[in-house]
Amino acid sequence: MAKLLAMILAGGEGRRLDPLTRDRAKPAVPFGGRYRIVDFVLSNMANSGILKMKVVVQYKSESLNTHVQRAWRLTSLLNQYVELVPAQMRVGPKWFEGSADAIYQNLNIITDEEPDFTFVFGADHVYRMDARQMLEFHLDRKAELTVAAVPIPVQEASEFGIIEVDADGRMIGFVEKPQSAPKTIPGDPTRCLASMGNYLFSTDALVQEIVRDAGDPSSAHDFGKSIVASMYQRKRVYVYDFARNVVPGQTERERGYWRDVGSIDAYFQANMDLVAVDPVFSLYNDEWPIFTVQYNYPPAKFVFNNESDHRVGRATDSLVSEGCIISGSHVHHSILSPKVRVNSYATVDESIVFENVNIGRHCRIRRAIIDKHVDIPAHTTIGYDHEKDRKHFHVTESGIVIIPKGMRIEAGR
């Protein structure tokens with residue numbers, strides 16, 4: 001049986017997710033109520049039976065470190081692990097200078113473990129994937145590198161690294177964020193193949209390419225721009241079409257679902273994908289669960305049923321986590337993390353509320369993201385007057401209001 005190792009790149013700063021990433025790395029941003037973004041790649045590896053994972057961290061990693069240590073305790077008796085790898089400056093007094101450099105500075109991990117194949121996956125996307133199927137494709141093609149790719153509309157090509165393939169799936173071209181005339185999928189002029197930032201290497205090839213790149217002073221030391229763009233011209237590089245990946249318990253509608261949540265708007269929409277009656281991405285797949293930390297909180301509670309007084313505790317088309325109290329208020333099309341309290345006569349609509357937030361009486365909240373440890377005074381209105389909101393909060397062009405972690409909001413604002 002082949003020896004497998006997963007190197008998870010989780011050091012991303014996530015500037016486009018500011019202010020959610022002011023105090024945490026992008027993979028540590030909460031998602032779907034009770035998860036962190038990093039849980040999706042780790043769950044995919046665990047469900048695929050790949051149980052040796054190194055999580056490479058750097059930027060503001062305390063929150064991420066704490067989460068991984070609490071949530072991802074595999075058994076050392078069977079030599080299974082999820083271990084954090086901080087920047088150690090093993091090759092000199094410098095931080096990681098790119099995704100490829102993050103692997104180069106930790107090559108000792110790979111050479112010590114001696115895997116036959118090494119997965120190098122990002123930690124900032126939302127999806128389900130059976131990585132074993134990618135391995136089977138890699139072996140079948142006798143590839144030295146396999147790049148996972150997802151079909152996207154031609155109109156979105158400028159946001160991704162776009163791959164050109166031949167009829168057998170071998171990479172014959174790669175352009176990072178093309179601004180015009182992107183190469184399309186053979187036989188389908190309406191779609192392109194976008195790199196997912198997930199790679200599978202035959203380990204000998206990985207070591208050779210990483211060392212080669214490290215010795216090039218002109219390199220950006222980035223997997224897409226540097227490793228992939230160079231390697232496909234010299235070695236056997238194939239492209240695995242993620243749309244062909246089949247996960248147990250997955251609906252046909254969910255197949256091929258993959259979201260880059262690197263911007264506020266994309267992050268918001270991916271969360272909203274979860275709350276429909278028939279969601280395009282379901283958290284309720286017991287055959288391929290998303291694992292996370294288990295909280296010791298009581299169940300969610302809904303109190304008051306005074307219809308005549310409009311004081312009814314209810315939530316519709318929403319995800320409400322453990323420890324929440326919906327007290328005579330209405331939550332609709334929203335996601336609440338643990339220990340959120342929504343007090344009487346308040347309404348929360350199409351919003352994402354992080355842990356330990358208190359929403360006062362008669363508040364009206366719409367299309368907002370509220371970070372942790374925020375107390376919203378009674379009668380506060382957010383999301384209904386963007387000009388007013390911009391004086392106090394961050395508001396995106398699409399009208400999403402973000403309230404940073406721990407922000408103090410004055411009564412009568």
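Here the Cβ of each residue, glycine as well, is placed from N, Cα and C on the backbone.
Going by Swiss-Prot, these are the annotated features:
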- GLY161, GLU176, LYS177, SER195: alpha-D-glucose 1-phosphate binding site (BINDING)
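Applying an 8 A CB threshold to same-chain residues 6+ apart, the list for GLY161 (alpha-D-glucose 1-phosphate binding site) reads PHE174, VAL175, GLU176, LYS177, ALA194, SER195, GLY224, LYS225, VAL228. The maximum pairwise C-alpha distance among GLY161, GLU176, LYS177, SER195, the residues recorded as binding alpha-D-glucose 1-phosphate, is 10 Å. Listed in sequence order, the residues PHE160, ILE162, PHE174, VAL175, PRO178, ALA194, GLY224, LYS225 complete the 8 Å Cβ shell around the alpha-D-glucose 1-phosphate site centroid, once GLY161, GLU176, LYS177, SER195 themselves are left out.
Counting every protein chain shown, 21 other Cβ atoms lie within 10 Å of the Cβ of SER195 (alpha-D-glucose 1-phosphate binding site).
DSSP classifies GLY161 (alpha-D-glucose 1-phosphate binding site) as strand under the three-state reduction. In the three-state DSSP classification, LYS177 (alpha-D-glucose 1-phosphate binding site) falls within coil.
All protein chains included, LYS177 (alpha-D-glucose 1-phosphate binding site) registers 14 other Cβ atoms within 10 Å of its own Cβ. There are 14 other CB atoms within 10 A of the CB of GLU176 (alpha-D-glucose 1-phosphate binding site), with all protein chains counted.
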